[in-house]
Amino acid sequence: MSNPRNGDTKPPCLPRNGLVKIPTQPNGLGSASITKGTPAVKNRLCQPSSVPAILSPALAHRSDLPIPSLASPLSLATLASVSSPPGASLVGLNTSEGSEQPSPERLPGSPSERQLAVDEKILNRLFWYFSACEKCVLAQVCKAWRRVLYQPKFWVGLTPVLHTKELYNVLPGGEKEFVSLQGFAIRGFDGFCLVGVSDLDICEFIDNYPLSKKGVKSMSLKRSTITDAGLEVMLEQMQGVVRLELSGCNDFTEAGLWSSLNARITALSVSDCINVADDAIAAISQLLPNLTELNLQAYHVTDTALAYFTAKQGYTTHTLRLNSCWEITNHGVVNMVHSLPNLSVLSLSGCSKVTDDGVELVAENLRKLRSLDLSWCPRITDMALEYIACDLHKLEELVLDRCVRITDTGLSYLSTMSSLRSLYLRWCCQV
């Protein structure tokens, strides 16, 4: 719904769990971490960057500036004679606009060198060489650097991760106030991952993040206690959300999906949620006609659920990942291949009841597949690889990890596939 300041109305988010909403301070910027998704990438974000020296010779050879290279944020902070404050957050800056920060006139060196240190054209090129973690530190050096670094272009593709404890500041009286998220809005973040939040936390997030109504495109809730009511309020208020992830959320039910899912959602991921079973797939298939990607990890989903997909999903859905769906058999594969003929990415990882016959159905009916994941399917043999090699001529990636019955004979079939680019055979003990 629209912002009430513009004259529209929305149902208020009532306080829950005994917490009372307190007005936030205008300058506080909450803390968070940033991730691109995988632990490996996140670790790379924290590594020092190698940056070419683009400073003038006069500045580069200054003996009083210990910057033999611009390999770390600390050396750049030294350039401005300011060190990063201890305990500073990675994304949110706990520095108010009125705090003491150096101005260009107070930087060391000659006037030309001081001007170079805050030259926006140089900074705009220089800051591209730093990781996300380093940019968070550099933004605290001075206002000029923060103004450059807070441009949305430097944060494209990054998702802030906010834990419950990072959403509130504890006041001297012991009361809590929700942190200001203005710093995230300036950088234009359109996706968030909230960890361990409740219905009240989500309501507070919606009320305090300026872009929540229309600007947030992706929401991920992990290990959260969101209920059916909270899920409904979130998707009703945040009209821009098209990508939704629910992981480890055990308090919402299938009825909550029926009441909250909206046709605008194009990508849905549900994993490790104990209340998700066949009826949840029925809700997804009927309420999401524009679904392009579905990632599902549900131990109680059966073959019946895969029969719920309609012709609407058949035209739009190109990615289906069924991970650790232990109850799905070859009968479920039959329902899937007839309902979703345009799949280009399919994962049956951990679907331990699928056999070579199920792979044959996939190969004969899903000729557009470019990626196929059959890892942790112990019943797959060399015969399945022969079906794949004969029919899936566009396949570029094949994952066979922990397929313990595959041998060298099966790999000889794959040698004829000219399109195959990636093949994973980890823990294939007979190869």
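Backbone N, Cα and C define each Cβ position, glycine as well.
As recorded in TrEMBL:
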- 24-36: compositional bias 'Polar residues' (COMPBIAS)
- 92-102: compositional bias 'Polar residues' (COMPBIAS)
- 264-337: domain 'F-box/LRR-repeat protein 15-like leucin rich repeat' (DOMAIN)
- 343-430: domain 'F-box/LRR-repeat protein 15-like leucin rich repeat' (DOMAIN)
- 1-36: region 'Disordered' (REGION)
- 90-113: region 'Disordered' (REGION)
Across the domain 'F-box/LRR-repeat protein 15-like leucin rich repeat' (264-337), what is the average pLDDT of the model, as a whole number?
93
Can you count helix, strand and coil residues in the domain 'F-box/LRR-repeat protein 15-like leucin rich repeat' (343-430) using DSSP?
27 helix, 12 strand, 49 coil
In the domain 'F-box/LRR-repeat protein 15-like leucin rich repeat' (264-337), how many residues does DSSP put in helix, strand and coil?
29 helix, 14 strand, 31 coil
